Amino acid sequence: MDNQLFIKAYNLIKSSVNILVVIHDNPDGDAIASACLMAEVLSLIDKNYTLYCQSQTNLQFGFLPHLEKFTTSLINFNFGLIIALDCGSLKRTKLEEKIANRLPHQLALEIDHHPKIEGYADLEIRDPAAAATTEILYYFLKANKIKINKNLANCVLTGIMTDTSNFLYPSTSPQTINIASEMLMKGARLPQIMENTWRNKSIASMKTWGKAMSNLQINKTYGLAFTALLAEDVPADATEEDLEGMSGFLSNLDKVNGLILLRELKDGKIKGSLRTAKPNVDVSRLAQILGGGGHPRAAGFTIEGRLEKTEKGWKVI
Ligand SMILES: [Mn+2]
């Protein structure tokens with residue numbers, strides 16, 4: 001990527017006062033690690049900043065720096081600079097009105113690895129080939145000669161490990177592995193990251209995953225695997241984090257073009273997750289038709305409705 005763009009971004013940050021860092025709702029490891037990395041950079045140069053996420057950020061990431069600074073509500077919107085990280089689209093910031101109607105002196109910087117949906121930022125750094133937003137942020141640190149301390153190394157590696165599902169997804173490039181290796185040498189703690197992001201499954205989580213596995217079916221016409229979770233299939237004490245990573249795991253199924261996981265949410269909606277391991281299949285196109293989005297290999301959507309089991313499979317009613 002163009003070093004000049006990263007230098008421009010850092011100059012913009014350095015010349016700004018009162019900065020807002022925002023990530024997408026229901027944040028994943030990459031989004032949270034990206035925000036924590038930016039918070040560390042802003043702390044190192046003594047900037048005033050606010051970390052915002054509409055949803056409560058998961059305590060499992062408590063090992064990352066500045067996690068405790070996240071807020072789910074903003075008192076005002078008098079920020080000089082808004083930095084959106086890993087958001088995919090303006091909609092997922094959950095501040096779309098405020099950002100779209102910001103005052104002319106309020107600038108927006110977007111850093112993301114999702115395919116472009118709309119242009120709203122004054123400065124946009126996007127690389128859909130990057131395995132994680134923290135991978136792009138690594139190049140931001142390098143271009144600006146910011147010394148990578150243990151905190152920054154932990155953030156970069158957490159984003160990479162969670163967004164590639166521990167190097168499982170094809171987005172993992174030779175550079176991704178090189179960066180991960182460099183982060184270990186700079187003090188990132190891989191065992192701690194794995195303990196907190198992968199080896200932390202609860203019994204409710206295992207039971208839900210089991211239910212999704214036993215409901216698996218294959219549509220021979222499209223070579224697609226699909227499965228569904230009704231509201232009653234999910235134990236009451238299961239959290240969103242318990243269900244994280246499930247579709248990625250199910251997509252390990254052999255001899256299919258992809259996987260669709262449908263899950264009834266409590267509010268009368270259905271959440272769909274799409275995954276594929278095939279380089280010639282783009283599941284984000286189907287997700288977009290259904291009002292969602294994502295990457296070619298991993299995408300999702302939310303629709304209104306309930307699920308009903310029929311002879312042929314599942315029907316949305
Ligand atoms: Mn990401």
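Backbone N, Cα and C atoms are what each Cβ position is placed from, and that goes for glycine too.
Caution: TrEMBL annotation is automatic and unverified by curators.
According to TrEMBL, the features are:
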- 18-160: domain 'DDH' (DOMAIN)
- 230-307: domain 'DHHA1' (DOMAIN)
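Residue counts for the domain 'DHHA1' (230-307) by DSSP state, with H, G and I taken as helix and E and B as strand, are 19 helix, 24 strand, 35 coil. Within the model, the domain 'DDH' (18-160) shows a mean pLDDT value of 96, rounded to a whole number.
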